[in-house]
Amino acid sequence: MGHPKKPRKQYDTPSHPWNADRIKEENRLANKYGLKNKKEIWKAESRVKRYRRDARIILGMDIDERADKEKELLDHLVRAGFISPNAKLEEVLDLNVEDILRRRLQSLVFKRGLSHTAKEARLFVVHGHITLNGKKINAPGHLVEKADEENIDFYPGSSVAKQFETQETEEVAAEEEPKDEE
């Protein structure tokens, strides 16, 4: 079981430390999603491996045992937003790291336009400027379920929210001025 003060690692490190292709891919992902370090990529990889392993185990079961476990896994992945609602179990084997990284709070803040860059989205989350369902979440790696995706917003009274809104209104006003001159 392990010691309560020392929980088990949630990821596996690469088997070989100096693989140029892997390092380039990890750097690309870190830049695209604004990640702090490679550990965040390795955690996502471990999650993908776990889902794919579960799918392979379920595919190998007898049909009568398989139905409940298949429905349970697919419902979990659909609720999390990793696969589409009408996906089959075989499609779970096509999951990749980017599917997991897209569901992080940090990525969704950037995608919804609440920040200019992915790194800025991380900063907003860590500094407590972002809420999810009205609750302040300060973990950029928090995986957001599909149903909660629309409930991401700035914390009420956040100074960043006020600055961001004034910048947006200034940009909209600047875009409208040339249209009036024509």
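Even glycines carry a Cβ here, placed using N, Cα and C.
Per Swiss-Prot, these features apply:
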- 167-182: compositional bias 'Acidic residues' (COMPBIAS)
- 103-170: domain 'S4 RNA-binding' (DOMAIN)
- 1-23: region 'Disordered' (REGION)
- 158-182: region 'Disordered' (REGION)
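Summarising model confidence by region, the domain 'S4 RNA-binding' (103-170) averages a pLDDT of 93. Within its own chain, the region 'Disordered' (1-23) is flanked in space by residues 39, 42-43, 45-46, 49, which lie at least six positions past its ends and keep a Cβ under 8 Å from the stretch.
Secondary structure of the domain 'S4 RNA-binding' (103-170) per DSSP, as helix, strand and coil residue counts: 34 helix, 10 strand, 24 coil. Under DSSP, residues within the region 'Disordered' (1-23) fall into helix, strand and coil as 4 helix, 0 strand, 19 coil.
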